[in-house]
Amino acid sequence: METPIKIVAGRSNPELAKKIAAYLGTPLCDAKAENFSDGEISVNYFESIRGSDMFIIQSTNPPADNLMELLIMIDAAKRSSAYRITAVLPYYGYARQDRKDKPRVAITAKLVANLLTQAGADRILTMDLHAPQIQGFFDIPFDHLYSSVVLIDHVKNMDIADNLVVASPDVGGVKLARKFASELGTELVIVDKRRPKANVAEVMNIIGDVKGKNVLLVDDMIDTAGTIVNAAKAIKEAGGLKIYAAATHPILSGPAIERINTSVFEKVIVTDSLVSEHDFCSKIETVTISNLFGEAIKRIYDGESVSYLFDSKNISQKITNHH
C-alpha cells in the first residue's frame, strides 16, 4: 500500500503552505492549532494520519509561539502513528545563536535542534540557514535549500544585469554574494562594516569599485535593515547608480520598513519564507519559494535527490514548467 502524503500548515505562514500544497496537487491536511485563553497551544488533526508521510510547514518567527506550535504539531503527529515526520522550516529561527560568541551564553540553535528531534521530527527541510553548520547539530537527515536559485532567476528577468555589480553588506555574506556574482557574471564588492553593539550597524569602507555601476546587495535576511540600508547609503556616496537588494528572509522588525522606505534602494526583493508587514512598503517585492519547497517535498516523498534543486538551470526548467 502506498504511503499517503500529508501537508500540514502551522499558523506562521498559511499562504505559503497553501501554495506548496497546490504545487503538489494535494489538499492541506485537516488540522487546527489554536490558543486556550491562558495562551497555551492546542493542536488537533481531524483526519487519520496513521502511516502517512507528513510535512509540517512552519517558520519560527516570531520564535516563541511558532516554535512551540511546531513542536506540539510534531508530537501530535507522532502520537497519531505518522510513518515519517518532516519539519519544514522555510525560516529557521534562533540560527544566529550558533556558538558561544561571549562567555555564559546559550547555543540556542543547538537547543532548537534538540527540541525538534526530541519532539519526534524524522527529517528537517529548511532554507538559507544563517549559519550552515547548524546542519551538524542534527543527527537526522537534513535538507538545506538555497533561495538564490529563485532570486537569481528573478534578477535576470529585471533587465538590470547590464552594468551590474553584486555586493555583500558585510564580510560574513561574501559566500552568498559570490554565488550571485558568479551566476550573474558580475564583479563582487564587499562593504566592510564594524558593529559597535547589538542591532547597531556601522558602515566602514567599500572593497571594490561601484562608481557608475548598478549594485545588487545580497543577504540571507533583513532584520532591522540597518546593515543593508547603511551599506546602500555608503555605496551611493561612493558613486553607485541604481541600488537594489535581494534577501531571503524578510524579518523586518522594528524600524525596518521605515528605513527601507526612506532608503536609496530602487527595489528590495525578498521571498515569502515569512509573513511580514511589507505591504506598507512599495519598494519591497516578493518572490515565492513555494515551488522550490513543493519540488523538494515531492523529491523527499519519492525518494529522489534534493541536491538536484541546487542548480538554477534545473529549477528554472522544473518549477516554471510546472502547472
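Placed from the backbone N, Cα and C atoms, the Cβ positions cover glycine too.
Marked as ATP binding site by Swiss-Prot on the basis of sequence analysis: D38, G39, E40, R96, Q97. For Q97 (ATP binding site), applying a Cβ distance below 8 Å and a minimum sequence separation of six or more within one chain yields V105, A106, I107, T108, A109.
For H130, the entry in Swiss-Prot reads Mg(2+) 1 binding site, with the evidence type sequence analysis. Taking Cβ-Cβ distances under 8 Å and a sequence separation of 6 or more, the neighbours of H130 (Mg(2+) 1 binding site) in its chain are Y92, A95, R96, D98, D220, M221.
In this structure, D170 (Mg(2+) 2 binding site) belongs to neither helix nor strand by DSSP; it is coil. Spatially close to D170 (Mg(2+) 2 binding site) yet at least six residues away along the chain are I190, V191, D192, K193, T227, A231, judged by Cβ distances under 8 angstroms. The annotation Mg(2+) 2 binding site is assigned in Swiss-Prot to D170.
The active site feature in Swiss-Prot is assigned to K193; the stated evidence is sequence analysis.
Taken residue by residue with DSSP, T227 (D-ribose 5-phosphate binding site) is part of a helix. Per Swiss-Prot, D-ribose 5-phosphate binding site is recorded for R195, D219, D223, T224, A225, G226, T227.
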### Summary
Taking all protein chains shown into account, the Cβ-based neighbour count within 10 Å for G226 (D-ribose 5-phosphate binding site) is 21
### Query
Under a three-state reduction of DSSP output, how is K193 (active site) classified: helix, strand, or coil?
strand
### G39 (ATP binding site) and D219 (D-ribose 5-phosphate binding site), Cα-Cα, nearest whole angstrom
35
### Query
If you measure every Cα to Cα distance among D38, G39, E40, R96, Q97, the residues said to bind ATP, what is the biggest one in Å?
30
### Least Cβ-crowded entry, counting other Cβ within 10 Å, from the binding-site residues listed as D38, E40, D219, D223
D38
